[in-house]
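Chemist: Okay, handing you the structure first.
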Amino acid sequence: MNSSKSPGLAGFGVLKNTTCHTEKKISVFFSIIFMTVGILSNSLAIVILMKAYQRFRQKSKASFLLLASGLVVTDLFGHLINGAIAVFVYASDKDWIRFNQSNILCSVFGICMVFFGLCPLFLGSVMAVERCIGVTKPIFHSTKMTSRHVKMMLTMVCLFAVLIALLPILRFRAYQIQASRTWCFYKTEHVEDWEDRFYLLLFSCLGFLALAISFLCNAVTGITLLRVKFKSQQRQGRSHHFEMIIQLLAIMCVSCICWSPFLVTMARIGISEGGLKEPCETILFALRMATWNQILDPWVYILLRKAVLRNLYKITSGCCGVHVINLHMWELSSIKNSLKVAAISESPGSSKQINLQPLSSMGQ
């Protein structure tokens, strides 16, 4: 009954004598809340992105908006599909034997869990690379990073994530019902076969690699912005440097905090020689932490804009009794002026004084 090579019976062995006990009402509450908040947050982000893309589709910011759109759309469908399946499982009293005789639902659930888990991480790393190129090599970015190239990158990232998700199916390895009986994933109990270990380690390594690329590129971008800021004697671009650095720090912190527990847990299970068995409560907690990353993505990438930071700055300054100086500098475009400052700083005449005019048409 525990054979992972028998699609019709795969995972049903875990339904017997399970030691995982979860409170049904609390679990249903978590699933519904996560799904609802995720759908609302990403839907709001999509509306904001569609309006912004219509304004900047012919400008350098279009590539960033396309990638951000791909990210929030992926997160939206992830919450919608995975959340709907999870609620259905709870509504059916987790009776997998009754509604999953052919293991089709578990396979679909497992594929969606892997795809919607890895794809946002990959897109986050691609966004970090795009932002790093835009700040460090603005001329190359403006000439080579076209909308067509960005759409091709989005397609390749999605296809790669689909391939990873379908890999067990192509190898005739069924996804397994987990000990909590509420979701499907790679085999995480009594892992002894090398192929089962490989899938867990592959998922963890790809996730850590995406986080490492994001961390490295965001660090390079932040250092470049700080270096350009101190190089330039102008005060006008200061708000944009601070805005970008705040966004980069938020992106790195949220991704690392949310995904590290789940990736570490899967890696520990895959590496352990003696068939390490993690408590299902630990795995569920790590899974919920990873889900929060998809909820917070739109708020970090889209809603944490300079308009919000400007209002927070006004409120904080008013409460602290500090006089607000040069608030008009928030009207500059964070991305375009960062590109201009970086381009001028790398040119032979960078020693000359830089004078950037406010772009009132890009207030946000």
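Backbone N, Cα and C define each Cβ position, glycine as well.
Where the annotation comes from TrEMBL, it is an automatic prediction and has not been curated.
So TrEMBL lists the following for this protein:
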- 26-50: transmembrane segment (TRANSMEM)
- 41-301: domain 'G-protein coupled receptors family 1 profile' (DOMAIN)
- 62-90: transmembrane segment (TRANSMEM)
- 102-129: transmembrane segment (TRANSMEM)
- 150-170: transmembrane segment (TRANSMEM)
- 198-226: transmembrane segment (TRANSMEM)
- 246-271: transmembrane segment (TRANSMEM)
Chemist: Could you tell me the mean pLDDT the prediction assigns to the domain 'G-protein coupled receptors family 1 profile' (41-301)?
Modeler: 84
Chemist: With CB pairs under 8 Å as the measure, which of the listed stretches 26-50, 198-226, 246-271 comes out on top against the transmembrane segment (102-129)?
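Modeler: Between the candidates 26-50, 198-226, 246-271, the best contact partner of the transmembrane segment (102-129) is 198-226.
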Chemist: Cβ under 8 Å to the transmembrane segment (150-170), counting only same-chain residues 6 or more beyond its ends: which ones?
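Modeler: 62-63, 66-67, 70, 74, 107, 110-112, 114-115, 118-119, 122-123, 126, 130, 186, 199, 202-203, 206.
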Chemist: Mind checking which residues reach the transmembrane segment (26-50)? Cβ under 8 Å, same chain, six or more beyond either end.
Modeler: 65, 68-69, 72-73, 75-76, 78-80, 82-84, 86-87, 90, 180, 182, 288, 291-292, 294-299, 301-303
